[in-house]
Amino acid sequence: MNTSAPLQNVPNATLLNMPPLHGGNSTSLQEGLRDFIHTATLVTCTFLLAIIFCLGSYGNFIVFLSFFDPSFRKFRTNFDFMILNLSFCDLFICGVTAPMFTFVLFFSSASSIPDSFCFTFHLTSSGFVIMSLKMVAVIALHRLRMVMGKQPNCTASFSCILLLTLLLWATSFTLATLATLRTNKSHLCLPMSSLMDGEGKAILSLYVVDFTFCVAVVSVSYIMIAQTLRKNAQVKKCPPVITVDASRPQPFMGASVKGNGDPIQCTMPALYRNQNYNKLQHSQTHGYTKNINQMPIPSASRLQLVSAINFSTAKDSKAVVTCVVIVLSVLVCCLPLGISLVQMVLSDNGSFILYQFELFGFTLIFFKSGLNPFIYSRNSAGLRRKVLWCLRYTGLGFLCCKQKTRLRAMGKGNLEINRNKSSHHETNSAYMLSPKPQRKFVDQACGPSHSKESAASPKVSAGHQPCGQSSSTPINTRIEPYYSIYNSSPSQQESGPANLPPVNSFGFASSYIAMHYYTTNDLMQEYDSTSAKQIPIPSV
């Protein structure tokens with residue numbers, strides 16, 4: 001690999017602005033330092049491009065094929081079509097454009113590269129890069145609109161989403177085609193590197209404005225989402241104080257009722273506005289006003305509510321961390337290329353450092369396309385676990401050692417059954433993230449299990465219906481382990497507190513507040529007086 005010969009023919013690659021050294025070998029020292037820097041840049045970019053080709057192609061291919069799986073044949077929302085387009089753009093960048101860029105790195109002189117290859121590389125890299133950024137910006141605006149509570153009652157139709165997608169494709173590749181056609185014959189086979197004068201500089205300026213606008217939209221949107229989610233988590237930890245008449249104890253379930261019979265609307269953060277929370281609150285408070293003399297809910301259901309609230313708060317914190325990761329990845333991967341493009345617009349003369357910065361910037365922007373499926377996809381957690389599993393066993397293979405695992409039987413029964421239970425709990429992310437319930441509270445909430453312990457105690461509290469759920473399975477394991485902002489939009493079957501089955505039509509927020517303010521033993525005994533056996537009340 002000859003690193004000095006191509007750079008000498010590059011019009012944008014001049015010598016480093018180094019102070020002159022005493023002696024006749026100052027030029028040789030400069031050339032040696034320049035060759036060392038360029039070699040280090042090539043090694044770093046090649047290593048990152050290998051990671052992009054392997055991990056990025058795998059992740060985007062899995063995400064792209066998931067939309068054509070029979071179980072996901074119908075999109076959850078129309079906006080999922082944007083995720084499909086994003087995965088296609090990133091798959092093309094990681095699988096086709098990144099190997100082409102690797103070829104360009106080792107043959108920097110355009111004299112050794114066919115013109116058709118340079119034209120294809122210019123068009124695909126410029127078009128798909130800006131298209132991927134526009135898709136990410138549109139998804140960020142959609143999620144910000146959803147979190148801020150400005151999502152309309154009816155989602156956008158598929159025709160509107162399709163028109164928006166076609167508009168983004170048209171604008172992106174029109175700009176890329178103009179930039180490719182206006183490229184002068186150069187010794188560099190890099191996009192935007194030859195647009196140095198006349199109309200080429202105007203097209204480069206337009207490309208820089210579009211690139212900068214997309215990066216700014218993504219960064220600002222996810223910063224605002226993170227702030228909203230952080231405030232939402234703080235509100236959940238510190239519930240509002242409501243003045244209650246102590247002379248007349250309020251019922252534990254349902255919303256508090258004013259003198260004129262209207263239920264008090266509990267204020268919630270903006271995250272739940274125009275979502276299923278308001279529907280749940282309205283239906284439950286309305287049901288309470290009609291059925292105020294119903295049976296009080298048992299203590300096990302109150303424990304389930306507390307677990308759901310803690311689970312939702314944990315998801316808020318996890319969503320904040322994800323927003324921070326998205327902002328950092330966008331800034332780190334997009335700023336080097338943006339700085340090099342701005343420098344090309346402002347100055348007519350390039351430099352050797354600018355050329356290295358441009359190479360590293362294109363590598364990082366391709367690396368961002370490799371990271372997208374592990375951040376934006378619906379099954380991003382599963383992809384990350386598989387990659388970590390592969391890296392762990394690859395490292396163990398290099399160290400020539402095996403990881404010894406011992407299977408310990410869980411309770412009584414067949415070893416094969418316990419092995420299946422153990423593997424199910426280790427791979428079920430909802431079980432790992434949800435709070436671990438006690439066995440007796442699960443039996444009290446869902447009826448007797450099929451274990452031997454429950455068979456030995458045939459007495460069951462009155463009012464409980466058996467649901468046939470094993471005691472080893474947690475409550476509500478179908479809760480999705482990630483927040484709705486991780487997906488393109490909230491599903492029609494929302495997860496979290498709104499997805500819990502209402503018991504005797506009680507209000508969610510008022511039950512949560514009542515758990516904090518009505519904890520006296522006399523009141524609890526009055527609520528559980530209908531049970532045949534007193535159920536111990538957990539500390540909240």
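All residue numbers here begin at 1 and follow the chain in the order shown.
Here the Cβ of each residue, glycine as well, is placed from N, Cα and C on the backbone.
When pLDDT is averaged over the topological domain 'Extracellular' (1-46), the result is 63. What Swiss-Prot lists as topological domain 'Extracellular' is 1-46 (among others), and the listing cites sequence analysis.
According to Swiss-Prot, the feature N-linked glycosylation site maps to ASN2 (among others), an assignment based on sequence analysis.
Residues or ranges marked as N-linked glycosylation site by Swiss-Prot: ASN25 (among others).
What Swiss-Prot lists as transmembrane segment is 47-67 (among others).
The topological domain 'Cytoplasmic' annotation in Swiss-Prot covers 68-86 (among others).
The feature transmembrane segment is assigned by Swiss-Prot to 87-107 (among others), with sequence analysis given as support.
Under the heading topological domain 'Extracellular', Swiss-Prot lists 108-120 (among others), citing sequence analysis as support.
Feature annotation from Swiss-Prot assigns transmembrane segment to 121-141 (among others).
Residues or ranges marked as topological domain 'Cytoplasmic' by Swiss-Prot: 142-160 (among others).
If you look up Swiss-Prot, you'll see 161-181 (among others) marked as transmembrane segment, on the strength of sequence analysis.
What Swiss-Prot lists as topological domain 'Extracellular' is 182-205 (among others), and the listing cites sequence analysis.
Residues or ranges marked as N-linked glycosylation site by Swiss-Prot on the basis of sequence analysis: ASN184 (among others).
The annotation transmembrane segment is assigned in Swiss-Prot to 206-226 (among others) on the grounds of sequence analysis.
As annotated by Swiss-Prot, topological domain 'Cytoplasmic' applies to 227-318 (among others).
Look at Swiss-Prot and you will find 319-339 (among others) tagged as transmembrane segment.
Helix, strand and coil counts from DSSP across the topological domain 'Extracellular' (340-350) read 7 helix, 0 strand, 4 coil. Sequence annotations record features per position, and here Swiss-Prot assigns topological domain 'Extracellular' to 340-350 (among others) based on sequence analysis.
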Legend entry - Tertiary contacts of the transmembrane segment (161-181) (same chain, 6+ residues out, Cβ under 8 Å): 78-79, 81-82, 85, 119, 122-123, 126-128, 130-131, 134-135, 138, 191-192, 195, 200, 203-204, 206-207, 210
Inset, instruction - May I ask whether the transmembrane segment (351-371) has at least three C-beta pairs under 8 Å with the transmembrane segment (47-67), counting pairs 6 or more apart in sequence? - result: yes
Legend entry - Two-stretch contact, the transmembrane segment (351-371) and the transmembrane segment (87-107), at least three Cβ pairs under 8 Å: yes
Legend entry - Contact yes or no, the transmembrane segment (206-226) and the transmembrane segment (87-107), 3+ Cβ pairs under 8 Å, gap 6+: no
